[in-house]
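K.L.:
One structure, pasted below without further comment.
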Amino acid sequence: MAQFLLSVLLALTFWIGSSSSTRYNAGDHVPLFVNKVGPLHNPSETYQYYDLPFCRPEPVIEKQETLGEVLNGDRLMSSLYKLKFAKDKTHVTLRRKRLKSSDIAMFRDAIAQDYYFQMYYDDLPLWGFVGKSEGDYLGQKEKLTKYYLFSHLKFNVLYNADEVVEINSFSDPSYLVDISEDTEIDVQFTYSVTWNLTSKLSATRMNKYSQASLHPISQKIHLFSFLNSITVVVLLVGLLFLLFVRHLKNELRSCSIGDEEEKKEVGWKLVHSDVFRSPRNISLLCAFLGTGTQLLILIIALFALAFTGFLYPYNRGMLLTSLVIIYTLTSIVAGYTSASFHNHFEGTKQKRKVRLAGILYPVPFFIVVSVLNTVAVTYGATAALPFGTIVIIILIYTFLNIPFLTLGGFLGNRFGLLEFQPPTAIKRNPREIPLQNWYRRKLYQVFLGGFVPFSAVVLEWHQLYASLWGFKIYTSPGMMLFTFVVLIFLSASVGIILTYIQLSGEDHEWWWRSILCGGFTAIFMYGYGVIFYLRSDMTGFLQLSFYLGYTALLCYALFLVLGTISFLASWMFIRHIYRSVKLE
C-alpha cells in the first residue's frame, strides 16, 4: 500500500498543466474550460462558474484535476464556446436565455461585488468581468445605481504556426443588458474570436503573466526601498556584531593568561556548570528542531524548483502539489533530526520517540484547515475540499508521512549525533539566576530578536502578501532568496548576540529563549498581515477567516524555521566559547 501511494504521489508531479502548448491543425477544436467566479477583492472567495446562471452545456463535463488543482480551488468544466484553431468567428450566438427574477438578482449581486470570471484555453488563463454598474444622481443627494450585464465576449488569440501563444478576453461595452429591474428578460449571449499570427515563441508564452505585475517605475521604487532597508539593517547588525566579537575576544584572551580578577567579572563564565544542563521539555525541543529543519529544507527545495522553471505563474496546482510531495519526502528529515538531537542531549538512557515531530505542525494545520473547510462548505465556495481529496490527504499522511518519520527516527537513533560531553561538570542543583537588568529580560530580548530581522524584510514581505492575497504575481525568486538568506543571517546573528547578553547576566536558561528570539520575527510578520488586511479591500467572513487562518499557518511555519536557526546558531556559539576557555 505504501509503495502504491508513493508511486501515485510521484506521478502527481507530472500530471499537471504544462507551460508548453499542444500542436493543432487549422480547424481543430481546442476546448475552452470555464473555471470559477468570485469578487475581485476576495481572492479566497471563489465559486463554480455555473453557480451564476450563465449558459451551460448539457451535460456539464468536469475536467479531471490533480491534487494541487483541487487544493487550489480550481473547478474546470466544459463550456459552450467553440474556438477552433485559426478560425475567426464574428458575433456567434452562444445561446438565448430567459433570465428569471432570481437569475437577475444573482447577476446584480455579482456585479455589485465586482465579480470576475476565469477560464482556461490550452492551459492559458483568461479573465473578464460579469458586468458593470453606474450611478445616476437624482436631485442633489439620492443616487440610483444601474446594473449592466455583459452579453458579448471577444476573444483575441495569438498563434505561431500550429501552437497557441496568447489569448485575451474582452467584455464588449457596446453589448450591455440593463438588469436594474426585477423583470424577466431575454438575453442573447454571443461571442467573437479573432486569430492573429505572432512571432512570439510558445516557450515564452507564460512571460506575459510574469511581466504584467511589475511595472518599471514601481519596480525601481521597490528595488531601491528594498536595498536601502537591507543595507541599513545589515550595517547596524554588522557594527553590533563587530563590537561584540572584539569584546568577546578580549574576555577569552584575559582568561587564557590567567587573569583571575578579569575572570570573576565575566558573568557568562560563572554559569559554566549550568549552561549545558539538559533543558526542560527536551522531547518538545527536539521535535521543534526536527520540524523546523524539515520546513527549512522544504523552503530551499521550493526555491530550487522556482529557479529551474518548474514553478511558474498560473501553472495550476503545481505549487501545492510540490508542497505535498516535498513535505512528505522530508518527513524523514524531521524524524532523523529529532531523534538525533535527543540522542545528543540525553544519550541512550531514554527511548527516543519522534511522535511529537509528526504532530507539531500537522495537527495545528489539520485543525485550522478543517475549520476553514467547514466555512467554505457553508458558503459553497470552491475552496471546500471534496471528500475524496480529504481521504487522499489522510492516506498520504498515514501511509507515507508517518513511515518516513519513523524511518528517520530509526536512522537518527542509529547514525545520529553522539551524546554530547560538556566541557565542564554539571552541578546537581542549578545556579540561582540573579535579578536581571531591563535589557536582559525575556520580553525585551524576544521583542528585539524579532524586530531586527523583520525590519529588514518588511518590504519584501509586503510584496509576498500582495502576491498571496491579491492579483500581483511574484516573479522575483532571486530577490526573495536573497531576502531569505538575509533573514537567516540576521536571525542567527541576533540570536547569538542576545544569548551572549543573557549569559553575561548569569542567566543560564537560554535554550527556549533562543528559540523565541528567532521565532518572534514570525509574530511581527503576522501582525503586519493584520495591518495588510485592514488596509486592503477584502471583505466578508469567508475571506477574513481564510486570510487569518492560512496566514497563521504560514507564520507558524516560519516561527519553527527561524526559531530552529536561532537555536542552532546559539548552540554552536556556546559550545565554541566554553571550549575556548580553561575553566577550573
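Glycine is no exception: its Cβ is also placed from the backbone N, Cα and C atoms.
Pulled from TrEMBL, these are the listed features:
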{"type": "SIGNAL", "residues": "1-21", "note": "signal peptide"}
{"type": "TRANSMEM", "residues": "223-245", "note": "transmembrane segment"}
{"type": "TRANSMEM", "residues": "282-312", "note": "transmembrane segment"}
{"type": "TRANSMEM", "residues": "318-339", "note": "transmembrane segment"}
{"type": "TRANSMEM", "residues": "359-381", "note": "transmembrane segment"}
{"type": "TRANSMEM", "residues": "387-411", "note": "transmembrane segment"}
{"type": "TRANSMEM", "residues": "443-461", "note": "transmembrane segment"}
{"type": "TRANSMEM", "residues": "481-503", "note": "transmembrane segment"}
{"type": "TRANSMEM", "residues": "515-534", "note": "transmembrane segment"}
{"type": "TRANSMEM", "residues": "546-574", "note": "transmembrane segment"}
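Quick one: how deep are these features, and who are their neighbours?
P.N.:
Distant neighbours of the transmembrane segment (282-312): 19, 206, 210, 318-319, 322-323, 326-327, 330-331, 333-339, 341-342, 345-346, 352-354, 356-357, 360-361, 477-478, 480-481, 484, 511-512, 515, 557, 560-561, 563-565, 567-568; these residues of the same chain sit at least 6 beyond its ends, with a Cβ under 8 Å from one of its Cβ atoms.
Beyond its flanks by at least six residues, the transmembrane segment (481-503) meets 226, 230, 233-234, 237, 240-241, 244, 248, 267-268, 271, 275, 299, 303, 307, 439-440, 445, 448-449, 452-453, 456-457, 460, 510, 513-514, 517-518, 521, 562, 565-570, 573-574 of its own chain at Cβ-Cβ distances under 8 Å.
Below 8 angstroms of C-beta separation, residues 44-45, 275-276, 288-289, 291-293, 295-296, 299, 360-361, 364-365, 368-369, 371-372, 375-376, 383, 449, 453, 469, 487-488, 491-496, 499-500, 503, 510-511, 514-523, 525-526, 529-530, 533, 538 of the same chain, each at least six residues beyond the ends of the transmembrane segment (546-574), sit close to that stretch.
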K.L.:
Quick test of the contact rule: Cβ under 8 Å, at least six residues beyond the ends. What residues does that give for the transmembrane segment (443-461)?
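P.N.:
Residues 222, 225-226, 229-230, 233-234, 236-237, 479-480, 483, 486-487, 490-491, 494-495, 498, 501-502, 513, 516-525, 528, 562, 566 contact the transmembrane segment (443-461) from elsewhere in the chain.
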